[in-house]
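Here is what TrEMBL records for this protein:
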type	residues	note
TRANSMEM	27-49	transmembrane segment
DOMAIN	28-448	domain 'Ammonium transporter AmtB-like'
TRANSMEM	61-83	transmembrane segment
TRANSMEM	135-154	transmembrane segment
TRANSMEM	166-187	transmembrane segment
TRANSMEM	199-217	transmembrane segment
TRANSMEM	229-249	transmembrane segment
TRANSMEM	261-280	transmembrane segment
TRANSMEM	292-310	transmembrane segment
TRANSMEM	316-337	transmembrane segment
TRANSMEM	349-371	transmembrane segment
TRANSMEM	401-426	transmembrane segment
Amino acid sequence: MDINQIAYTANERAPAVPQWLNKGDNAWQMTASTLVGIQSMPGLVILYASIVKKKWAVNSAFMALYAFAAVLICWVLVCYRMAFGDELLPFWGKGAPALGQKYLVIRARVPESRHRVTTHRYETTEPFFPMASLVYFQFTFAAITLILLAGSVLGRMNIKAWMAFVPLWLIFSYTVGAFSLWGGGFLYHWGVIDYSGGYVIHLSSGIAGLTAAYWVGPRLKSDRERFPPNNVLLMLAGAGLLWMGWSGFNGGAPYAANIDSSIAVLNTNVCAATSLLVWTSLDVVFFGKPSVIGAVQGMMTGLVCITPGAGLVQPWAAIVMGMLSGSIPWVSMMILHKKCSWLQQVDDTLGVFHTHAVAGLLGGLLTGLLAEPDLCRLILPRETRGAVYGGNGGVQFVKQIVAALFVIAWNVASTTIILLVIRLFIPLRMPDNQLEIGDDAVHGEEAYALWGDGEKYDPTKHGWHTSSYSEVTAPSRFVDGARGVTISL
């Protein structure tokens, strides 16, 4: 045995490489976690900061940044095991910390569920990587759910109310959906399909976002009438990170670097591309020109729609799902929204209801129709098929409907109660004087040293207008109008 073989054998027998650990699966799971994390940080941070009006860029980015950090701490303190731990109720797990060394280094398992994972010649009910990888992977899903929800209340929600809302909604809403559908709750054991979060993440965030928008109240009338993106190119950069990160979003769902993961990644991109093209085509037909914002919305609805069935449908079905996700949410946003007086009254800033609730529901129902039996056998713990494949497929479609109704009802009720409780202590909406100013009033910071939104250069406000340094209270910040830069003293 040469020196390289000896080193390899020693490494394989090291305590950090137990016999059950599959390095490939663990490497892919950590990579997928990073991809999903990048969707939020910096993906949605950039997207939110650029898609809103200039005066709300900092506030919108900060809401996403805060949610990412707050969710992580709550997740490891109590929420992970509420979603993936031992059963407390048929829809809820027992909360406990996921911080101890002995807990995190053992082989990952979800005690109330039976996940089938096949790699090489092994077949088991548990993934081939440590619990620490699973805890972090699932955190990235929880974080992006809250950040997506924030899109409904941008431009007016009191930041202090948002800071209170994030941990409460994570505890009392997200963990219920996650345990019920993924963690071994009653919907999981009933056989409902949610491959990677069409219901747990997207339907939940869309319904909760619409509910939150109702209770928080609308933006200023001037903001609702004119809310242009402050940087379309930067918005595309954020959207690109979101799209590319979705390969980890759906590709990491099998908990293994296996065949099903490959199918999920391919279907994800096929559906997103189809949906983008259909949405853009509809914009051209009805409005005479393609919209970049519309293309991003079409991309989003395609990614959302494929999520509940990414590894369970054939690529031709992914194209069908893309065609429907590029058209049905378009109709709900562009036509039905304008005809429904209640939807017009509720100020859903980024249309999260249409791009996530409608598209997520559509994807869940289409999965109940199009789930292919052989692909289902690769990942699901029981014989499952979509309605178009006969057998018990019709029953599967009914299960998808019932699960959607549960998720909708729970999110409406829990979000309402949480916000009403917060409202007893903190106003949900900023006062009008802050809404008129935006970031500078809320954070004392602005996104750009240059000015916009009709503001003109005023040397008494923006330039070097003090006679000496002593007239400026240090530390202070002001703008050099000639160079367009912010000077800190």
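Cβ coordinates come from backbone N, Cα and C, glycine included.
TrEMBL does not curate its annotations; it predicts them automatically.
Where the transmembrane segment (199-217) meets the stretches 166-187, 229-249, 261-280, the count of C-beta pairs under 8 angstroms peaks at 166-187.
Of the recorded ranges 27-49, 135-154, 292-310, the transmembrane segment (61-83) has the largest number of C-beta contacts under 8 angstroms with 135-154. Between the transmembrane segment (229-249) and the stretches 27-49, 166-187, 292-310, 316-337, 349-371, it is 27-49 that has the most C-beta pairs under 8 angstroms.
Residues 51, 193-199, 201-202, 229, 232, 235-236, 239, 242-243, 246, 249-250, 253, 263-265, 267-268, 271-280, 283, 317-318, 321-322, 324-326, 329-330, 333, 351, 354-356, 358-360, 362-364, 366-367, 370-371 of the same chain lie 6 or more positions beyond the ends of the transmembrane segment (292-310) yet place their CB under 8 Å from a CB of it. Taking Cβ pairs closer than 8 Å, the transmembrane segment (135-154) reaches residues 29-30, 32-33, 36-37, 39-40, 44, 48, 52, 56, 59-60, 63-64, 67-68, 71-72, 75-76, 79-80, 83-84, 98, 104, 162, 166, 169-170, 174, 178, 197, 200-202, 204-206, 208-210, 212-213, 216, 249, 252, 348-350, 352-353, 356 in its own chain, all 6 or more past its ends. A Cβ distance under 8 Å defines the sequence-distant neighbours of the transmembrane segment (166-187), meaning residues of its chain 6+ beyond its ends; these are 66-67, 70-71, 74-75, 78-79, 82-85, 87, 90-93, 95, 110-114, 138, 141-142, 145-146, 149, 194, 199-200, 204, 208, 403, 406-407, 410-411, 414-415, 417-418, 421-422.
Here the transmembrane segment (401-426) has long-range neighbours at 158, 160-161, 164-165, 168-169, 172-173, 176-177, 180-181, 187, 190, 192, 194, 199-200, 203-204, 207-208, 211-212, 215-216, 361, 364-365, 368, meaning same-chain residues at least 6 beyond its ends whose C-beta is under 8 angstroms from one of its own. Long-range neighbours of the transmembrane segment (27-49) within the same chain, counting only residues 6 or more positions beyond its ends whose Cβ lies under 8 Å from a Cβ of the stretch, are 57-58, 60-61, 63-65, 68, 127, 129, 133-134, 136-137, 140-141, 143-144, 147-148, 150-151, 154, 231, 234-235, 237-239, 241-242, 244-249, 251-252, 255-257, 261, 350, 447.
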